[in-house]
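*Asks:* Straight from TrEMBL, here's the annotation block:
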DOMAIN    1-144  domain 'Histidine kinase'
DOMAIN    206-321  domain 'Response regulatory'
MOD_RES   D254  4-aspartylphosphate
DOMAIN    357-454  domain 'HTH araC/xylS-type'
Amino acid sequence: MKGIKLELVIKQGNYLMWLDGDKVEKIMDNLFTNALKHTSPGGVIRISAHVDDDILKVSVFNSGKLMAEDRMQDVFKRYYQLADSQDSDLYGWGTGIGLYYVKRLVELHHGSVRVKNIKVVSETSEEASLRNGVEFSFALPADKSIYNKVEIADRGKRIMQIPLEVTSEEGRALEVKSKEGRVKNSLAEKDDSTRNTSPSGKILPRILIVDDDVDVAQYLHHIFASAYEVVNRYSAEEALADLEVVKPDLILSDVIMGQMSGFEFCKFLKSNLSFSHIPVILITAMSTMSEQIDGLQLGAVAYVTKPFDPVYLKALVKSQLHNMQLLRQRLSESTETASLSAKVADTLSLQDQKFMDELYRRMEKRSAEQDLNVATVCRDMLISPAKFNYKIKELTGETPGIFFRKYKLNKAAAWLREGKYSISEIAVLTGFSTAAHFSVAFKKQFGVSPSEYL
């Protein structure tokens, strides 16, 4: 973790709080990710938490550069990115659901969030570098009475009454536990074991429907429920807040919604590497050609006007999911995006194309090394392992370890076809410890030994 020191300053004790534990976890996940991103090697991240007058107060401090005072009110705005080239993400990865959504989630709890610079006069420059930095803090009321009946029962979702157990043990994260004492899985821990399956045991693709018209959302749910796992959300904000948990294979979104439109929702998805691979189909009554072009230019794979033919919509969804499956297959067989066919390459968003181009470049650079693994590649690309694992699995259908091995063997096959190197030389060039080890791995992937492949 770049040699960064994590400090927890937490008042111990058990506090009964009326909070949505999942949303509080998202707030903490995003603030910590943001702090980690902007902390220099050898720096400090300090998380403080306490309850004062039935208000939970949490702060996340990271040492490093101060923020320009005139930018502080902007960091919580939608789509705002810190533009400093030294601090900005290499691929516009952002901070999960972003600081804007941290603010929205805090406000849903009738809380407040703020950011400020911490400036400390120190005797040495080294001490100053560890004590000066930026602090994000939020405050959430703990009492149930702050919520009205509609908020508590909002579309069947409940604000959960949970005990907040905190510990100051070094190296442990804040744990938000349910009444039964079970820790909710972190976003990165959701796996295929939680997915619905068909009678044959095949994992069903998951479709996320986003529409603030409950009747339309329920109708769409009815159309697709027999063949897919379907999840409904009734606003773009609600969908974004749950994306990292839902992990949809495809999104059907209305265009005209409340605060955030379907256009803005699509724009956010396609500019954020965490979600840019997800196909988005926009559904709306807006039928002018210019509006349809706007939707497609934002990265939507299709634009369907109301009233729509359910048979056509089902065929469209099936086609897009097939295209994604074809993309995964081609990427797992390739050593560069340039080798992809035009049809397959068009399935990649601009963000994903940049990501895969850079990944192939990094893998080629390290292909002769035995330590081509998640840790080294993530360090090279400045990406967290959890998000990298998720991205590779979604784009290729493989775990990173299997994808790396297939890449090396695909390179080996290409070199064998060119006839430039011997089998022993290719084994070395692809990072295998021995020619025998290389031959076994090659035969496992291609069904023939390297000598038979020639």
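A Cβ is built for glycine as well, from the same backbone N, Cα and C atoms used for every other residue.
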*Asks:* Using all protein chains in view, find how many other C-beta atoms are within 10 Å of the C-beta of the residue listed as '4-aspartylphosphate'.
*Replies:* 24
*Asks:* Helix, strand or coil for the residue listed as '4-aspartylphosphate'? Use DSSP.
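*Replies:* Once the DSSP labels are grouped into three classes, the residue listed as '4-aspartylphosphate' ends up as strand.
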*Asks:* Give me the mean pLDDT over the domain 'Response regulatory' (206-321), rounded to a whole number.
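*Replies:* Taking every residue in the domain 'Response regulatory' (206-321) and averaging pLDDT yields 87.
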*Asks:* DSSP on the domain 'HTH araC/xylS-type' (357-454): how many residues come out helix, how many strand, how many coil?
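*Replies:* Across the domain 'HTH araC/xylS-type' (357-454), the residues distribute as 72 helix, 0 strand, 26 coil.
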